[in-house]
Amino acid sequence: MEGPTHPKPSKDKTFSWDLMILVGVLLRLDVGMANPSPHQIYNVTWTITNLVTGTKANATSMLGTLTDAFPTMYFDLCDIIGNTWNPSDQEPFPGYGCDHPMRRWQQRNTPFYVCPGHANRKQCGGPQDGFCAVWGCETTGETYWRPTSSWDYITVKKGVTQGIYQCSGGGWCGPCYDKAVHSSITGASEGGRCNPLILQFTQKGRQTSWDGPKSWGLRLYRSGYDPIALFSVSRQVMTITPPQAMGPNLVLPDQKPPSRQSQIESRVTPHHSQGNGGTPGITLVNASIAPLSTPVTPASPKRIGTGNRLINLVQGTYLALNVTNPNKTKDCWLCLVSRPPYYEGIAVLGNYSNQTNPPPSCLSDPQHKLTISEVSGQGLCIGTVPKTHQALCKKTQKGHKGTHYLAAPSGTYWACNTGLIPCISMAVLNWTSDFCVLIELWPRVTYHQPEYVYTHFDKTVRLRREPISLTVALMLGGLTVGGIAAGVGTGTKALLETAQFRQLQMAMHTDIQALEESISALEKSLTSLSEVVL
């Protein structure tokens, strides 16, 4: 997988003896302290509220990004009217209202128009006018002149309700009857709701900020006084799994040395070629194996220490290398680097899954606010790739129309200009200049021949050869998309190969997740400090 490295030039991977650390280095990625990735999946709840009574006319929840989570919402006109249109409040026989089946039925055929209150237009008045004090303030509705707008955030149209008011044979029936009151009436509905409305978000509505509720006024179009209903639309955004504090210090992770038991016990037996007596300095880690498609979650709220995470990374790398190329692991040194970059990406080609709803990988895996400083090779690119990064693309796709989620294959990520993510929202990609490259993520572990370390203890003054340093990523690149799926020619079964690779994936997942929690806590801490200083 050869190719240029972006955006930084390659560096000398050899280090002096005082910096050469075999396992005890802190693995970290370049971190962007900016906003979360636009591809982040949230639990988004939209609510339509009757502003007079404060009751909810509709509450719809869905999973999606802040760019594509805009559902079509259904509610009934009487849900935003309540008792405000009763005859005692308006006129004796108004021909509209929600207190009687006949009025609900007569109201079905009455046109209406809607005016926005968020626009703050003085000529349109306030809530007492339904924000419709003069003609021209209406932006949507169901009238003969079909009001429209190029800037308002929603459209409201009439829905369709099955059933009529007067049935065949002269009997009375239909959805305008409340089945709680008229249980014997055929076709009666819950609450007598027979004035369905459909609310949809416009392009402007999808692009605006919904930090607070926005209000509208709805008025019936009839002879005489046009009655008013007021409603608001609001959005609540929640993370799918709220973050939890780990340890006494909310900023720093638990900096513990490796536990003795984790260096002894293991549930995974590494594959050794015949005659392989073991590798110096490599021990196994206690790790449970789960399917690649199953999100890896910590067994308990207690995060493992930094030392254990680092050893897990080295041992996971060893297992993956040993099962694919056992001759390389007979006698070698695997070292974690002591300076950035600590992870690297290898661009690969792969078959992603295209789904209309967020798959589990988009919901459970961390939505990284992280940047990969070095990506090499050539692979699959999505979106509009600038010339500076086109060398990474062996195949480029513009994407898909509509709202879709592109989940990266197991063991891979999308490296986007907005961060590292397991899943792409096409709505975000189509509306922004975002672009992504499919990559394998590998820890920056270097591979050395045995004499690399021995020469440091050799006191004889002689000319030493510059040691050859290879990253394991270059040796294993393409394993997830090619090696495991097609076999790597070692005679081992794909299942065994997958098990070894899972341990490395678990180690990386744990390390990155711990990093994200530390970064989130650090952001909160810095915000708190700035408030104190100011």
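Each Cβ is built from the backbone N, Cα and C atoms, and glycine gets one as well.
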Choosing among CYS98, CYS132, which residue does Swiss-Prot name as bonded to CYS115 by a disulfide?
-> CYS132
CYS137 - recorded disulfide partner, Swiss-Prot, among CYS124, CYS167 = CYS124
Choose the correct range: of 20-23, 228-231, 332-335, which one does Swiss-Prot annotate as motif 'CXXC'? Give that range.
-> 332-335
Range annotated as coiled coil - as stated in Swiss-Prot, picked from 28-66, 457-495, 496-534 | 496-534
Residues in the motif 'CXXC' (332-335) grouped by DSSP into helix, strand and remaining coil | 0 helix, 3 strand, 1 coil
